[in-house]
Structure formats: C-alpha cells, structure tokens
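What follows is a structure written as structure tokens; I'll ask about it next.
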Amino acid sequence: MSAHNTNESAVGKCPFHEQKEEKSVLARGAGGGTSNRDWWPEQLRVDLLNQHSRRSNPLNEHFNYREEFAKLDYPQLKADLKSLLNDSQEWWPADWGSYIGLFIRMAWHSAGTYRTVDGRGGSGRGQQRFAPLNAWPDNVSLDKARRLLWPVKQKYGQKISWADLYILAGNVALENSGFRTFGFAAGREDVWEPDLDINWGEEKEWLTHRHPESLANAPLGATEMGLIYVNPEGPEASGNPASAAPAIRATFGNMGMNDEEIVALIAGGHTLGKTHGAGEASHVGVDPEAAPLESQGLGWTSSYGSGSGADAITSGLEVIWTQTPTQWSNYFFENLFKYEWVQTHSPAGAIQFEAQDAQASIPDPFDADKKRKPTMLVTDLTLRFDPEFEKISRRFLQDPQSFNEAFARAWFKLTHRDMGPKARYLGPEVPKEDLIWQDPLPAPVHQPSPGEINDVKAQIAQSGLSVSELVSVAWASASTFRGGDKRGGANGARLALAPQKEWPVNAIASRALPQLQAIQQASGKISLADTLVLAGVVGIEQAAAAAGVSIDVPFTPGRVDARQEQTDIDSFDLLQPLADGFRNYRRVTGGPSTETLLIDKAQQLTLSTPELTVLVGGLRVLGTNFDGGKHGVLTEHAGVLSNDFFVNLLDMRTAWRAADDSAELFEGYDRKSGEVRYSATRADLVFGSNAILRASAEVYASADAQQKFITDFVAAWGKVMDLDRFDIR
C-alpha cells in the first residue's frame, strides 16, 4: 500500500477551507471578544494620547520629510502629474479623456474636512486613505483617484507625501485646464493610521441630517454625516435652492470662509468636470472598508453596465455645468443667469435642475456625437436665488478676472488652511504674500545672546512676581497651540494682544504682563514672546531650587512679536479654550465631562499620557489655577516643585465626596477626623480614578520619584513651550 493518504475527502483540499469551527482557536484572535468599550462605552479616551506612535510608522526613526522633499525633482513630478491627467485607464476611463475633475474633487475632499472650531480635519496628514473618510458616501470613487495616483507616488517614494500629493494633483489639474493658481506649499506629513480624536458626529447612519443651527457650536463641518459640506439636493433633499443658503454658510463658515469665498469655491469647483449618476444607487456595492479582500482596497463596485465611464455612479447626480468641462471658463455664471431652470431628476432619481429652452451645448464625456442641455445642482442655484450670494455671483459674471482671483485665493486657503504658519511651507511655489489666516509673524531681527538672556532672567527674578505668576504667564502664552492646524503657541506673544489678553482664563497672566513688558522694553532687543517663556523658565527654576534641586530649564530663543493688525480677532477667538484642565478652568457647563475636555486639551498639545500626568501634577503644586484658587493644590508648600500632588491624591487617609449636585467640585476629608483637607475638581481626581492615568500617577507618587518627577516635568514643559517653533525644526 502507498504511504500517501488516499482519503478522497482530504485530497486536493485547501486546509484554510476546513468548515469545522474550533471555537477555542477562534477565540484566540487578537482583539476579538467583547472589548472594554463594549462594557464601558463612557470610558475616558486616554488612548487618544497614544495614537500615531513610532510603532505604527514604517519609516526610519530619523526620517526627515523636509530633507526628503528637498531632494525631489519638483518640475518632473508636476510633469508626471500632467501626463497622468490625460492618460485614461481602461479600468477607470476618464471623462473627456481627462481626470481633471476627479483630481480636483479628490484634493477638495481631502482638505474640505477641516474645521476652524477645533482645528482638526483637513489634508495635513493624508487621512483620506483611512476610515472613515475613505468610505464616506461623499467620497465615492475617490478610491479610484488615489489608485490612479499610485504610480506617481511609487516613483517618488517618500520624497512626496500622500497628503501633499493629493493637493498638488488638484493644483496641477487646475493649471492643466488653463487656470492660474495662487501657489502651492508642501509640508504635510503622512501618518499611518486613522485619526481617532476627530469627532465626526454622533449619528449612527450615513447621511443623517443636521440642522445648520446645530453646527454653530459644534466642531462639525457638514450638515449630514458622511458629506463634506451640504446635501447637493438641498436640505434633506428638499430640492429648494433658497433653503440651502443657511446650510452652505454654516458649513463653509466652519472652515473660515466668507460669502465671496463660498461663491468662488462652489463656482470654481463646478466649472470643471461632472457628477456621476448613470443609474440607480442599488447597483453600487459596498464601500472600500466593507469590500472583500480581493477588492484590494477599492469599493463601490457597480453592476450597472460597465460600472465605469459612461455608466459610472458616484453621487447619483448627473450634472455637467459648462460647455468646456476640461477647460477653465466663466460658463458657470453665464449659464446660471442666462437660463431659467426647471427641476428634474437624474437617471438615479436624484433632484437636479436643467436649463429650460436651452440648446444642447454640453459635450458628452464619452460620445463626441452627443450633446446635453446645461444642468445644475440644487445648491448651485443657491448662488442665484440667495440675495447676498446673487450679488457676488453677478459681479463675477460681469468681471471674470475678479472671479479668477477670488477662486485662486479661496482655493489656496481651502487647501492650506490646516497647515499652520508659513514656516512649515516647502517648495518653489510658496506665495510671497502673507495672508491674515496664516497668522503671519514678522521676520526675526535679533537673536539674543546667552548674556542677554541671563540679564533678562535676572530682572524677571527680581521683579517680585511669584512663581505662580511667572509659570502662569508662560503657560497662557504657549498653551493655545493646536496640533490639528498648528495654530497658536507662544511665538508672536499674542497673549498681549486682543482677543487673548481679554480671555477670563488668562486673568492672572494678564496681571503679570505689564511688568514683563517693561522688562522686555528695557532690554531693548529680546522679544516679548521670548520674555514670556523666560518667565516660566525662571519660575520653574525657582520652584525646583525650593525643592532642593538645581536645574537649568531648556530655553530656545528666537521668537518674535506679532502686531495687532497681523491678528484676526475672530479667528483667534476660536483658540479660547472651552476648558483648560491644566489650570482648572472651564468656561461652559454641560456637554463633555471636565476630564474629557482635559484629554482633548492634552491631545491638542500633542502630549502623551505621562506628559499630561506630570504637567498637571507640577502645575498644581506651583499654584497656576486660572483664578489663583486652591482646587487641586494638594500640598502645604505651594510654589515648590514637588510630587506632593500625587502623594496626597493617592493617600488612602483622605476620602473624597462631591461638594454639590454638579459633581464638579470635591472635598477631600480625613477618614478618621472628618476634617476637610483639600478641594479638587474632576480634572484633579481623574488621576486617581482612571486606571490608566492612575498608573502614571503612581509612578510619580513613589518614594523614589522626586527627581524623575522634576526631570519629566521640565521635559514636558519644554515641549509645550516649543510646540510652535517650526522655524527651528
């Protein structure tokens, strides 16, 4: 007999197709089973502080994007993108033989998720590659746009990030249509996993409607879950152009756009390309995240006809706005006002408008012998039927050059608003003009010497300002930084300007400002921005000395002072914190918990869990509460840099109870005597309550932790002070 197994049931079978389920084996799959968040859905999201770590990054630890970009053959890259635009692929045929419209949409939708309220979203990290954005209903077919770009990305590797490539491809598409753009800046660095910190909304179903008024105080940029801005069929697919105006203003306004910029962007974006709705949505398959393995990251496979080209279904709308959809023109406004418009439906059943009594003058994208009548989206007609939008639209109709200029500037703003200061900009096409939304800074005029720095430090030390005041003023200056859009920070000394000097959270810092301004003016050369940070250096060194430790707090000079005219008051007012748990401040009641807002603030400051922990503990014993209060100052030696906060918080001789029904303020009392020893807020007690934060707090409360505590506090402090120093890195 043969030694080989001749059992027919086993012959030729792939072992992976075995139908028998071994539950004990399946249960061992990593990440399977009921999760902590399933059990405790309100659990504090401390994990948000640990995203985008080195462990998820495939690049070398010392990879420097600025250095890699400097090696890029930029003209050749643009030439390759231009060639790609006109190289129609059989697997995804281009409209009119050009991908101009597709690439403009890709760039727009990459940048268009940005919102000014919290500075999150946008194209700055290449998030369109990841869920949920890669699967949003508004991003149907952009998986194909990104896949079309892959040969170019593959050729240039890490010399160009995906985040930069998306926007550059949109710019090149506009230029290839004959449009002159305002410029382009690179500098967006990719990340390697989805952003977890962005609140896209609470809805559980795609395309759930939100009333525009609900967006006023929320960091949401769209009126429906899964859209970039608004429903193109009008609010809740009403088909009413006039009723869409509030939604358009709310969503574009959350990006910092005014009426002129709104009109320019809508019209400019709809001067080129088309929408796709050749058949009913029932033909369209699942999104990329839900697609089977063999789809290789592509989704929305359509069973309608060929599934692409003339049969493509994207939004379900079938609209071509202009007679030259691959060439820049003023036809959008000419058609908008030349014709009366009648409501109709796309082949997919979506509401749109067609020009009444118009000749068929619009070229078909795949049949040169066919022509169509001009068509518009419901929200396009809003630019005619809203009185304020109409005024601007008619001006652009009569003056195409003003439209071109407005769109060029608005497009640059749209695609660069989340990049932060110009110091981050890279490349040969960076515009020279400073724009107010870039939070411009003057050029440095003096680099203070070590001797000058020491002289100013000595004057600060002799000023009579307390440790609390010195540390508070530096924290107030630097802690406005937002890691999302890279706005805020100490550079510019905007703490001394409106609106920051008037914020209630800065009350103590504002009181210390006049003395520090006098010291800075007497020095003659050092900037106020550097002086404010030096105040914190002096305060911390004094506090460490009081603890018996001699340290030199790192200080990097070279900051400059912004002028009031370089500061958009309304825009900067968005940086005013709802809460700053580092200073035991909360401006509003209701909404997220105080500890949730503390995590939010720490995440904006790009802090890790240990950094958050050590900073709060240090700031409490230094007495930096916004109002000078004693909440959370768990020490008998305020002003001394010690680990007392952690020691006393974790001391089991103290029990805690809510001071009132709000459970925002708590009393710590002696378990034996009942004597009240301390008061604290939720931003304090969370370091004993939350298991993850407590784990770090226990390290700093240990008997051998005093030196480590000071070292770690100084390191985290220095990080915050330099968060906005893009000029030196």
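Just so you know, glycine gets a Cβ as well, placed from its N, Cα and C.
Quick caveat, the model's predicted, so the values are computed rather than measured.
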Of 1-33, 34-66, which range does Swiss-Prot call region 'Disordered'?
1-33
Relative to the Cβ position of His109 (active site, proton acceptor), how many further Cβ atoms are located within 10 Å?
22
Cα distance, Arg105 (site 'Transition state stabilizer') to His270 (heme b binding site), nearest Å?
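So the Cα of Arg105 (site 'Transition state stabilizer') lies 10 Å away from that of His270 (heme b binding site).
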